[in-house]
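In what follows, a single structure is set out as structure tokens and then discussed.
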Amino acid sequence: MKIAILSRDGTLYSCKRLREAAIQRGHLVEILDPLSCYMNINPAASSIYYKGRKLPHFDAVIPRIGTAITFYGTAALRQFEMLGSYPLNESVAIARARDKLRSMQLLARQGIDLPVTGIAHSPDDTSDLIDMVGGAPLVVKLVEGTQGIGVVLAETRQAAESVIDAFRGLNAHILVQEYIKEAQGCDIRCLVVGDEVVAAIERRAKEGYFRSNLHRGGAASVASITLQEREIAIKAARTMALDVAGVDILRANRGPLVMEVNASPGLEGIEKTTGIDIAGKMIRWIERHATTEYCLKTGG
């Protein structure tokens with residue numbers, strides 16, 4: 001099988017592991033920078049080019065598309081989809097997951113419990129917005145943020161108003177969310193592949209911080225999750241139509257709450273913490289689904 005990995009940096013842990021796992025299972029792998037792909041969009045003979053050459057058909061494509069290049073990255077992935085390549089996460093699902101507001105609306109519509117969340121455009125609504133989520137302390141998030149960047153804990157109402165006004169001054173879209181104090185700076189990252197949680201870790205914020213992201217200095221340990229948490233993680237990934245997802249869960253007094261669904265979860269922290277070959281599980285999922293029948297069905 002020929003597999004393309006779409007990534008700006010093939011030296012990153014996740015890309016290297018996916019390449020290694022695919023090669024170990026006998027596949028040919030090429031890592032492509034999506035920003036160096038260019039496309040001929042033609043009803044008679046669509047094609048995709050890379051650094052001066054027309055690319056051959058790939059049986060499958062693994063998108064490792066960063067938030068900053070979501071627009072062009074998903075456009076390149078769509079072109080591969082048009083040509084019959086099986087995507088490990090479809091372009092439309094990635095774009096959907098990158099929109100935090102839309103994601104939360106979809107999850108809420110499916111009855112998945114979330115932290116109480118509000119959004120407003122007008123500065124006149126700031127006070128009501130704070131009251132809507134239960135007052136301070138609360139969390140203010142940039143809709144476009146990632147890896148814990150653009151996330152602020154406002155411990156007082158005055159601080160909340162100041163942060164919201166500052167973000168609005170940057171013409172940024174923001175979410176205001178209740179602070180789950182009982183989570184104590186911890187969350188659970190569930191790695192979902194297909195209809196299975198293949199690994200789970202607890203991420204704990206470093207002392208003096210509340211964000212548990214490993215990129216922000218958090219620590220990780222193996223997590224034992226409940227059946228309810230497992231079912232919620234799978235349902236959240238399915239709601240977003242993602243074959244592979246990192247589902248972040250907060251343990252609140254009222255039950256598990258989904259905080260975020262990540263369409264391109266990093267493998268380093270969770271593989272090194274659990275010792276589980278997640279990259280191999282992702283490749284095996286591709287083997288089961290990137291079939292000749294799929295290629296013919298999609299016109300490749």
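The backbone N, Cα and C atoms fix where each Cβ goes, glycine too.
These come from Swiss-Prot:
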- 104-287: domain 'ATP-grasp' (DOMAIN)
- Lys141, Glu178, Tyr179, Asp187, Arg211, Ser212, Asn213: ATP binding site (BINDING)
- Asp248, Glu260: Mg(2+) 1 binding site (BINDING)
- Asp248, Glu260: Mn(2+) 1 binding site (BINDING)
- Glu260, Asn262: Mg(2+) 2 binding site (BINDING)
- Glu260, Asn262: Mn(2+) 2 binding site (BINDING)
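When the alpha carbons of Asp187 (ATP binding site) and Asp248 (Mg(2+) 1 binding site) are compared, the span between them is 7 angstrom.
Using a 10 angstroms CA-CA radius around Asn262 (Mg(2+) 2 binding site), none of the binding-site residues in Lys141, Glu178, Tyr179 qualify. Cβ neighbours of Asp248 (Mg(2+) 1 binding site) (same chain, under 8 Å, six or more residues apart in sequence): Asp187, Ile188, Arg189, Cys190, Val258, Met259, Glu260, Val261, Asn262. According to DSSP, Asn262 (Mg(2+) 2 binding site) is assigned to a strand segment. When secondary structure is read from DSSP and collapsed to three states, Asp187 (ATP binding site) falls in the strand class. Mean pLDDT of the predicted structure over the domain 'ATP-grasp' (104-287): 89.
Here Glu178 (ATP binding site) comes close to Pro115, Val116, Thr117, Val133, Gly134, Leu138, Val139: these same-chain residues lie at least six apart in sequence, with C-beta atoms under 8 angstroms from its C-beta.
In this structure, the binding-site residues Lys141, Tyr179, Asp187, Glu260, Asn262 were compared by how many other Cβ atoms lie within 10 Å of their Cβ, and the smallest count belongs to Tyr179. Reduced to three states, the DSSP call for Tyr179 (ATP binding site) is coil.
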